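Noted in TrEMBL for the protein shown:
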- A:6-29: transmembrane segment (TRANSMEM)
- A:41-61: transmembrane segment (TRANSMEM)
- A:81-104: transmembrane segment (TRANSMEM)
- A:116-139: transmembrane segment (TRANSMEM)
- A:167-186: transmembrane segment (TRANSMEM)
- A:215-234: transmembrane segment (TRANSMEM)
- A:254-276: transmembrane segment (TRANSMEM)
- A:307-328: transmembrane segment (TRANSMEM)
Ligand SMILES: Nc1ncnc2c1ncn2[C@@H]1O[C@H](COP(=O)(O)OP(=O)(O)OP(=O)(O)O)[C@@H](O)[C@H]1O
Ligand SMILES: Nc1ncnc2c1ncn2[C@@H]1O[C@H](COP(=O)(O)OP(=O)(O)OP(=O)(O)O)[C@@H](O)[C@H]1O
Ligand SMILES: [Mg+2]
Ligand SMILES: [Mg+2]
């Protein structure tokens, strides 16, 4: 019990990772009705590109700079350069994400406009294979890590015995930042309405002069940026490896829980799933202990509960709210 | 001519027609703050064509939805042939002999015309997932019988032979409406609810549709509830008219009388005669 | 119409193969499948692949994909849980056969029924959930079932002996192939028949427009659950066959990846078409294996880039699927229909 | 020179179904032109060909030219065509069901560079024409009644302020009172804002009353075209589109004969 | 001369490729190395290798291809998934399967006559780990592993042995292979306050546990199974592994100072590799020795018989001497224990071993 607070905070922190990744799904779904099965691979690409820029290119760049303009190189302290490198890697990763998704949009998604949604979803599944293949082709499959880590362990948050690594605070920060910017973006532009119009009926939207292509490009870009930033941050938790893409699957309960088309919902969904993962097993454990005491039984708490509990909770919530917490109920009318 | 030998379905209900085939009692239906129906009640006699008219948003479609148990009114009852159907599940209503067409076409777009019509017969067929999958003996004979009956009676009546193998989605609007009627007929209806069957049709097709409705009513003895904005049709073919406005009944009576009712003119008809019908007046 | 088809009886009009061309083509196809083991060795020598094994898997997956197509293609309910339902069928069949000594036919039937039961339980949310919400609810089924198999039953790996029927043992790859081919054909025929009768039409109605289906008298709940039941029965059956052809059941074979793969089969093949599952499984499996041929050849010439070639093969595979979908978004069976309708009217196309 | 001229176009669906077979028509700037025809004649297809929406279906203009304001627009994307001032009000009450009535209107003003104020004003204008919409403005469009949806669809056209507005069966499903009003509104839009109108209608009498020129199409071709005055006096038009009986009196739906009456100008 | 066809089923692009790819490299390099020395009895090894991406159906078909088309009788395999799925077939086809799944269950020839592997089996490893803990003063131990056949395999053996040693055993914990945080597991462990924790995961998940333990379980030390302990561990654990993480070393780390390493280093031109490369390499060396001893009896049973003649076979110190008998396929009951020092994997104890007890064959 004394750890409850720590569990809640950690749960929320993990939840914010889910929230960050889930947001990308919601943004893309909102205007295209497409569940992007390659979202996890976007995360993967983000992680690898950031790592490559940060770790491999840094050395080359420094070397070149130190040779060409030693005085510039000397002007900043190593800590200062570290900051510059982090910022540069960060920005370039975003740029890389944008380039990637705009190319994808142009080559793959645009020709699929107007085709059955399920076929487009299938395309994203195939896309996942391609992206994964590209990553293994370029960077091979070995585990790599940010060296030195960008978000150091020691500047984490101490909560009793638990230390929350600093990277989680950053993730929290970015999730909030994205949420606020999207809220403002949708409030002060008419893009939000256009996006939903496109999702509702592409043909009619086109008949009103809404460019489906532009809307697709915008939402895929935002979705991809969120994902690659997520990849960069998540890659700092425990290094990058080919399984980073599993986030694509693990955040599904979060997306659905929040309601597919709701960005805010994705955040709430992520946090709730995080909490379920951290409090659920504890509660089940306590319940089992109580039962054992009451009936003098010797039940054991099943293991790996945190893998299934989100799904159990998800089904339970969906039975009460079939469109998630903030999703839009489908019109049922004849 | 009720009882004619060519009738697909014998006329239902008591010949005297004392008890109405359908009785709507005090229906109340609210959506949030909006009262779509605020205490509507009327009766439909056996074998008639009963029209329901009223301004847009008056609640006409809502009444049909309540009859089909698609909407669940907060208050009131629907009585069909003496049986209170206000508690039945939606799908059970079809089995009783209530069929309908929809305002926005509700066909199964990816299927052929024939399959759409066959689906109308669903509630009256027996084959299950085992016998159907084997497609032997009974299931096969049943399918063939349905096919023959649909071809020879319904498709023939509605003159849609040439399109029966076509996929419904690509058909023009007017034909889709006709297919919808065909599907409703396949349900062996005693009561047929039609929601704006003539909308979007040109004059010729409207005339055809009117003829079909009259045939169905007179030769097959099916009672028809007809919602229609084309006043020419309503005036010509209906036996009785109910007028709704804001979820309440504001008038009822024979068509000619209703059309002279000043309330009806003010709320619904307006002054411009040309707007009343596609048919020249 | 000068060149349409006319039939004297409704019976003929409702037949599955309506033209002589089709009947001949189908008969030829059947002969080809039956004769396959006799020239598969020759093919294998040509390509350095084992075709009998590949074809056996294709048959098993066709059966499962037909099941998923019934649920997703015909009834409109996406499932991401079919991998797990297949696992249930496989484990049930394996355990009943090995531990309780059930005859293999009974065992795979029981496996199918067990999968059907679980499918129906996890199908209950379909009463309220639509589209992707339902898809993710079935993903929950996938995760929970595998978790149960692994954690609670500690199923791990089960060894299964060969199937025997009336003293005849399905112990060679050839016999296994025929066994699986038989079941795949049976499942396909069943689905085809089902879809042209009352139940099948109701499924499609539920998919296209469940609201009007209800008004017509289709009991939504019944048909949604029924669809889950039949569908997971078929995939459970496929699981049982898997157990008896591979002689081993391990939970790792039936993960989320398999569920996604099943979905890929039917989308690429064509949703809501009985031929869809056949085309989809065949296309994707052949593509996958045929890509192995150049990869293999190249890695002999350039042994240093063996790993790169493996990645490249994955990339090419994904790209081909993408390009294919861009040109044929409705799946292969759509193309097949175009070809067929062309042949129907041949030589007077247009 | 006409604002819109369609020259001899051919349209094919799915690479096989030939729907328009050399159709031509012209719409003068500032005119109201009616396009009449039976179901399946290809009226909607014609409008879609002009607005470019055909490209979003499996349809294709394979021959001929569509010229708007002196420029060929055949190959433009639909959104570009809208930006040039051609707006199609689609048939079949295609509202965005998941958006509220008001959001539907806002979406329609997508190409309009107007401030928030101006947008609000325009919305109010639409409400002035259709008070019922104002009452239901925050309800999801999917839950509106059929007629209300129809109002919304027309209202969207008004939001876009196009140069050429193409209306596909605007009176469908409206009460007689509103049918009268709709045509008045169309006439007013034409008169007050100078919007050119191409009108597809089944209610031929109303359409011919407000239009100056009419086209009648059958089977993918124009079979008759003239000023509305002359059309109204054409015997065939009178009989098949206006429902005037042989002797010039009112027909009744009850008297429709039980045989198939099919008369076509061609074929 | 004739070639000896050998099958290779590897994970190059799949879920376990992060270690599988390097293992495959080891196998492939060793085959080339053996061939460069003139092959086996003058016959070249012809390795048919393919990537199965940890997809079982693909492994099954690759297997059938190797056996039926390429006529192989020995296969270099990879993980738990393929090994388990193939085991029944191996018996029937009499094909030798040398995988990297060191599940003790495979060491009993009565059940799995054709399975061979070169690493200390997981159960022996866990027993040695328990012994190590006991010897270092542990009183309480706890088992933490992923919910996966690889993780579960040795747990029963570990518990039984720990009990025998008189160690107190805490409740099991599970940490997923893809976990990014183990706070809750650590908090529960904390209630029991173990001296040593067995970690049965792979490197990333072990790093997560060790990192989190820095603040939650600062006293505990970790004993890591062979797939969770490699040069990536110190990098991922960021210093938290220093002096607290001990790993099972069935083979020596790449670059260790043993005679067998020289050839390997020369062959790979010093390009750095992980431990897993060494495992793959040794697996081939052992196979080659078997093939050599089999002489002309190039068949599954022939190779089996030949391998079962290996007694204290030396791989140049790359791993403990290997012995297979017809009743016991445990390669050895000796392994090294590694530790992390200055961010590097070092060998802490070169050899820990236990007697080869018959009762532990297969479990
Ligand atoms: N499910 C619903 N949710 C909210 N409002 C609804 C719903 N169904 C109907 N309404 C509202 O109830 C009112 C009556 O609708 P109804 O469809 O019955 O009208 P109607 O008389 O058929 O009109 P029309 O002739 O235009 O079709 C309308 O204002 C409509 O917006
Ligand atoms: N997407 C499509 N694919 C194939 N054929 C189509 C498609 N859309 C329309 N058609 C066919 O084109 C022909 C003309 O259709 P269109 O909708 O243009 O007619 P219309 O004159 O607008 O009829 P209505 O009065 O019913 O609206 C019809 O025969 C129809 O079946
Ligand atoms: Mg209505
Ligand atoms: Mg039209």
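Note that Cβ sites are derived from N, Cα and C of the backbone, with glycine treated the same way.
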In contact by Cβ distance (the transmembrane segment (A:215-234), the transmembrane segment (A:81-104); 3 or more pairs under 8 Å): yes
Residues of the parent chain within Cβ reach of the transmembrane segment (A:6-29), under 8 Å, 6 or more residues beyond its termini: 35-36, 39-40, 42-43, 157, 159-162, 164, 168-169, 171-172, 174-175, 178-179, 182, 199, 219-220, 222-224, 226-227, 229-230, 233-234, 237, 247-248, 250-251, 254-255, 258, 260-263, 265-279, 282
Considering the transmembrane segment (A:215-234), which listed stretch of A:41-61, A:116-139, A:254-276, A:307-328 counts the most C-beta pairs under 8 Å: A:41-61
Same-chain residues at least 6 beyond the ends of the transmembrane segment (A:167-186) whose Cβ lies under 8 Å from its Cβ atoms: 12-14, 16-17, 19-20, 23, 27, 150-151, 156-157, 192, 222, 226, 229-230, 233-234, 236-237, 263-264, 267, 270
Distant-in-sequence neighbours of the transmembrane segment (A:307-328), which means Cβ under 8 A and at least six residues beyond its ends: 253-254, 256-262, 264-265, 268-269, 272-273, 276-277, 280-281, 284
Surrounding residues of the transmembrane segment (A:254-276) on its own chain - C-beta under 8 Å, 6+ positions past either end: 8, 11-23, 25-27, 29-30, 35, 175, 179, 182-183, 196, 199, 309-310, 313-314, 317-318, 323-328
